[in-house]
Amino acid sequence: MAAFRDMVEVSNWLLSLLGANRAEAQQRRLLGSYEQMMERLLEMQDGAYRQLRETLAVEEEVAQSLLELKECTRQGDTELQQLEVELQRTSKEDTCVQARLRQLITELQELREMEEELQRQERDVDEDNTVTIPSAVYVAHLYHQISKIQWDYECEPGMIKGIHHGPTVAQPIHLDSAQLSPKFISDYLWSLVDTTWEPEP
């Protein structure tokens, strides 16, 4: 603003000199000074305008950067929310997977226990067969030697069929267990056994 004050003072001085009708040389000198001051003023205005434009450009860049930063922040918040949702979903899936895994482990343990029980039962059966089957075979063979009965194992269910080889003739056996009592059937079969004692030669 000092330049404007200088310009006013020079103008007043110039007017006073013109009014006093001074020498032309002094007037030219003063006019030259006035022109120089005007040029300086114009240069200062140009510099101020240029600086203002630069300041406005910087402010615009800062505003644009601020808008971009806000947009990045908004996108970051959106991505963060999506990640939180995905994390919650993954946590739920992980919980379900862990529950299913625990269930499978329990089922596997039960299967192992069942397998061990089956193996134990199989060993027990093998041990029983080692003792029982030969004994049962011996009893069956002994009963066959005593009763002389040849059984028909392919007859209908509920029917008792076979052939009793007696001392003189072979007699067929045909009994219906649905109509006859077990006691009657047992007594009848034992009645076929020959009670005559014949010592071996």
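Think of each number as a place in line: the chain as shown, counted from 1.
Glycine too: its Cβ is placed from the backbone N, Cα and C atoms.
Noted in Swiss-Prot for the protein shown:
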type: COILED; residues: 21-132; note: coiled coil
type: MOD_RES; residues: Ser11; note: phosphoserine
type: REGION; residues: 1-69; note: region 'Interaction with the NDC80-CDCA1 subcomplex'
type: REGION; residues: 132-197; note: region 'Interaction with the C-terminus of SPBC25'
On the 0 to 100 pLDDT scale, where does the region 'Interaction with the NDC80-CDCA1 subcomplex' (1-69) sit on average? 75
Within the region 'Interaction with the C-terminus of SPBC25' (132-197), residues counted as helix, strand or coil by DSSP: 26 helix, 17 strand, 23 coil
